[in-house]
Amino acid sequence: MKHCFYNETVGFFYNNSRKELTTYWRTKDVLVVALGLTVSVIVLLTNLLVITAIIINRRFHYPIYYLLGNLAAADLFAGIAYMFLMFHTGPRTAELSLKTWFIRQSLLDTSLTASVVNLLAIAVERHQTVFTMQLHSKMSNQRVMILIFCIWVTALLLGLIPSYGWHCLCALDKCSSMAPLYSRSYLTFWAISNLVIFLIMVVVYTHIFIYVKRKMTRMSKHTSFHPRYKETMISLVKTVTIILSAFVICWTPGQVVLLLDGLGCKSCNVLAVEKYVLLLAEINSLINAIVYSYRDNEMRSTFRRILCFVCYRNSKYTPTVVKLNTTDRRTLSQNGHFTVDSSI
């Protein structure tokens, strides 16, 4: 029968994994917390702004914007989780109970997983609309709600599994270095799961990128195309490039470090970079709001209305009139379907 260490302290497991646990604030600890809290506050404010804009503007009441709103909610949750981590890190880590430590980690895992899975859902939705040349997906509101529900169920399952058994409290030799109460096998599973999602996203967006490039090449040989269509295609190519670049830069380092730790790499100094790769992943929650929302002209217009509410308090909010130079600008392609000049 295995002997479990449920009554031990957090320090006991950190010592077992040879992870340093300080009792005083070092300069680098203060800098990490200060930077982390700053990023968290910005993530909270920007994503709250996105959610508010989607709620108050009826022109955003479509499947893609519901997914964007859910992405913003996941990133908002990530900001809260990271802020909770910042208030329970450094010397405070040694004071945590095992339950609080698991809550701290579960919040991070759940929020980051929800963000990644939601990014995948948006990628699939964009793939469908781009290839069918539609302004919005034909997905019903009910299906969108079911999809959003599935995203959060998946995130919760992956985030709570360690707390309900997939840990190393009963097998000290399997404890992770980065997360001393987690089993290395869980970190391997979590990292591989996210890398698979990442690979699918790369395939989906690469397919979109190739399709758009080919469409632009064919379009250049004909003069019958609406000039706005080319502008839409160029905007889409730029957005796809930004999305892939940001995702690769922010997520790949963290997933690789987790995988190396999960595989028990002895020569890899994963502890030296763990705080920085986690912060980088958190920054992606900020970039998401910028890429998916701030490049949308109609969204920016709604942001201005929210931020300048005092200036507009005497005028009742009305949706922006549809103009050809707004993000909802529709152009007619050869097959008679509409597309949209949008960054999303």
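Even glycines carry a Cβ here, placed using N, Cα and C.
Unlike curated records, TrEMBL annotations are generated automatically.
The annotation domain 'G-protein coupled receptors family 1 profile' is assigned in TrEMBL to 46-292.
For the transmembrane segment (30-57), same-chain residues at least 6 beyond its ends with a Cβ under 8 Å from one of its own Cβ atoms are 65-66, 68-69, 72-73, 75-76, 78-80, 82-83, 85-86, 89-90, 275, 279, 282-283, 285-286, 288-290, 293, 298-299, 302-303, 306-307, 317, 319. Feature annotation from TrEMBL assigns transmembrane segment to 30-57 (among others).
Positions annotated as transmembrane segment by TrEMBL: 64-87 (among others).
If you look up TrEMBL, you'll see 107-124 (among others) marked as transmembrane segment. Long-range contacts of the transmembrane segment (107-124) within the same chain, counting only residues at least 6 positions beyond its ends with a Cβ under 8 Å from a Cβ of the stretch, are 64, 67-68, 70-71, 74-75, 77-78, 80-82, 84-85, 147, 151-152, 154-156, 158-160, 162, 190, 194, 197-198, 200-201, 204-205, 247, 251, 278, 281, 284-285, 288, 292, 344.
Panel annotation: around the transmembrane segment (144-166), residues 63, 66-67, 70, 74, 102-103, 105-111, 113-114, 117-118, 121, 181-183, 185-186, 190, 193 of the same chain, lying at least six beyond its termini, place a Cβ under 8 Å from a Cβ of the stretch. The transmembrane segment feature in TrEMBL is assigned to 144-166 (among others).
According to TrEMBL, the transmembrane segment annotation covers 186-212 (among others).
Here TrEMBL flags 233-256 (among others) as transmembrane segment.
Under the heading transmembrane segment, TrEMBL lists 276-294 (among others). With a cut-off of 8 Å between Cβ atoms, the residues of this chain six or more beyond the transmembrane segment (276-294) that come close are 32, 35-36, 39-40, 42-43, 46-47, 49-50, 53, 68, 71-72, 74-75, 78-79, 82, 108, 112, 115, 119, 122, 239, 242-243, 246-247, 249-251, 253-254, 257, 300, 303, 343-344.
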